[in-house]
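Chemist: Sharing a structure here in structure tokens format.
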Amino acid sequence: MKFAITSRGDQTSNALRMKMKNYLLDFDLVFDEAEPDIVISIGGDGTLLHAFHQYQHRLSETAFVGVHTGHLGFYADWVPSEVEKLVIELARTPFSVVEYPILETIVRHIDGGKESMYLSLNETTIKATEGSLVIDVEIKGQKFETFRGDGLCISTPSGSTAYNKSLGGAIIHPSIEAIQVAEMASINNRVFRTIGSPLILPGHHTLLLRPKEAVDLLVTVDHKTILHKDVKSIQCRVSDEKVRFARYRPFPFWNRVRDSFVGNDNRG
Ligand code: NAP
Ligand code: MN
């Protein structure tokens, strides 16, 4: 089995990376950063987001596993003291895999030039470069509303605990194939009206956002921000691809939610 290890880059994560690499080589696993079967991310959820984007061209052949060197993460759910156990599990292939839905975003331009396609593990957000974002929202080919406000956040189920949660969105179990649209400070008065609640769209419903006029937009894809000029439309839907996580022990999603946000002294 071929493996790669990414690190947040701090001393603790780098040291753990060296230690795990040597252990795995001792177990006759093959270090291969170009075509790994398994990618171990050491750091935080942000480190796993980076690893996802580094290997997004080969998602169907890559499984991810996250070790956290800070607080408990949603993607990084192994602690450094468990690393010996994890190495033994890794060496004892085959491993089982859980798959989570991801989000596909396509940005199209007025001049009809090359469109851009992105995959998000957490979310895509759309914001104006200045002033309010004014954008028509279409669901499954039907106009739904005109949004005016700071922006829109379209998240995956596993990303629903990140930015989406700060915006008052719901936490969605990652076994549900859906995307969620959450508003950022919508303008609501006698003239302007938006739904005001987060929307959850199933896999076969496409969201199309059309700016009222050709504008420059800031599109974020997880941790990256991309400026797009003269945008005609932005299309979001559940991707045909999935992200795969190597699973060696159960750690139910709701336990991770509880331990991260409620605290583990609340187990009753
Ligand atoms: P960051 O500023 O370090 O991330 C913000 C926080 O979100 C960190 O504590 C990060 O955990 C955590 N996080 C990332 N993915 C998560 C998930 N799926 N569930 C729960 N928490 C999660 O930047 P970053 O590490 O590069 O992460 C980028 C993400 O930050 C974006 O995808 C977006 O979701 C989030 N973000 C949130 C807000 C907000 O809540 N107002 C604003 C902008 C961006 P780690 O410390 O373990 O990395
Ligand atoms: Mn981070």
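Keep in mind that glycine also has a Cβ here, set from the backbone N, Cα and C atoms.
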Chemist: For the NAD(+) site that TrEMBL gives with D45, G46, H50, N122, E123, R148, D150, T161, A162, Y163, N164, K165, S166, which of A15, A63, A91, A185 also belongs there?
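Modeler: So the NAD(+) site in TrEMBL includes D45, G46, H50, N122, E123, R148, D150, T161, A162, Y163, N164, K165, S166 plus, from the candidates A15, A63, A91, A185, A185.
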Chemist: Between D150 (NAD(+) binding site) and D45 (active site, proton acceptor), what C-alpha distance do you get in Å?
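Modeler: Checking the Cα atoms of D150 (NAD(+) binding site) and D45 (active site, proton acceptor) gives a distance of 25 Å.
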Chemist: Non-local Cβ contacts of A162 (NAD(+) binding site) (under 8 Å, 6 or more apart, same chain)?
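Modeler: Sequence-distant Cβ neighbours: D45, F74, N122, E123, S155.
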Chemist: By a 10 A CB contact count over all chains shown, which of the binding-site residues listed here is most packed: E123, D150?
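Modeler: Of the binding-site residues E123, D150, the most buried by Cβ count within 10 Å is E123.
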Chemist: Please classify the secondary structure at A162 (NAD(+) binding site) using three-state DSSP.
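Modeler: DSSP call for A162 (NAD(+) binding site): coil, neither helix nor strand.
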Chemist: Filtering D45, H50, D150, N164 (recorded positions) by proximity to ligand 1: which pass a Cβ cutoff of under 6 Å to any of its atoms?
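Modeler: List returned for ligand 1: D45.
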